[in-house]
Amino acid sequence: MTANEVVDRIKKNLGIPWNDKTVRDTFKVGSPETAVKGIATTFMATLDMIQRAHAAGLNMVVTHEPTFWNDQDKVQDFANDPTYKFKTDFCAKNNIVVWRFHDHIHARRPDLIWVGLARALGWTDRAAGPNQRSFNLPPTILGALAADVKKQMGSRALRVVGDPNAKVSTVAVGMGYGMPRVSPDIDVVMGGENPETGGAFDDTEYVLDAAVFAKNKGQIILGHAISEEPGMEDCANWMRSFITEVPIQFVRAGEPYWSL
């Protein structure tokens, strides 16, 4: 089975039309005609992740995010970069092929990245309604909720805004760059990345102001990787339903951040 045949199988089972104009969901490393021994799904094809996949006998990486440090994986500026050379040389020497799966995994229904986040949080059965990204939780306080989220997600660098003792029970959730907007019926907004100021609506500043007059509002910032990585485990499970010729494993890229 070649890498191109793996991608064709994904396209066939995706359930939505393939956008041939995509610049993200393409091969980034290696030849599409590479014979695949095993497949690793991951959030990001870091060198460490690729090396661990290789050690496990997996030579095709299906990554959600870029391989070469920019959204379109443009590499013309890296010809003399030693990190780029080491990474590409390792892949060439070990017959590694990397293919990105971003736009289409988000476009399919259900979005497997979202499914993975809800599962990892343990909130799948607490959604406020079908296809909704808000959750009704047992009443708690913001500090306890954040501690539980940190434990569930295995986070090393979770950030929280608001009074730790604020009573909360409703949470709106985003992922990646997505951060829901604070609203009257939502106590806590949670997402991947977040600008502190200068956006169309600044959740962080609003929560800080709301906390002054004891309004129960909070914000939890997971980080892009932590919010989307679980979904690539669901991607591996999904791929196993129609690819049986080679082993498929989820290989974590891991959280990039740590805190003092």
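The backbone N, Cα and C atoms fix where each Cβ goes, glycine too.
As recorded in TrEMBL:
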BINDING   HIS64  divalent metal cation 2 binding site
BINDING   HIS224, GLU228  divalent metal cation 1 binding site
Pairwise CA distance, HIS224 (divalent metal cation 1 binding site) versus the residue listed as 'divalent metal cation 2 binding site', rounded so that it is a whole Å: 11
Based on DSSP, name the secondary structure state of HIS64 (divalent metal cation 2 binding site): helix, strand or coil. coil
My understanding is the cutoff is Cβ-Cβ under 8 Å with a sequence separation of 6 or more in the same chain; which residues meet that for GLU228 (divalent metal cation 1 binding site)? PHE43, HIS64, GLU65, ILE113, GLY116, LEU117, MET175, GLY176, GLY192
Tell me which of the binding-site residues HIS64, HIS224 sits in the most Cβ-dense spot, judged by other Cβ atoms within 10 Å. HIS64
Helix, strand or coil at GLU228 (divalent metal cation 1 binding site) [DSSP, three-state]: helix
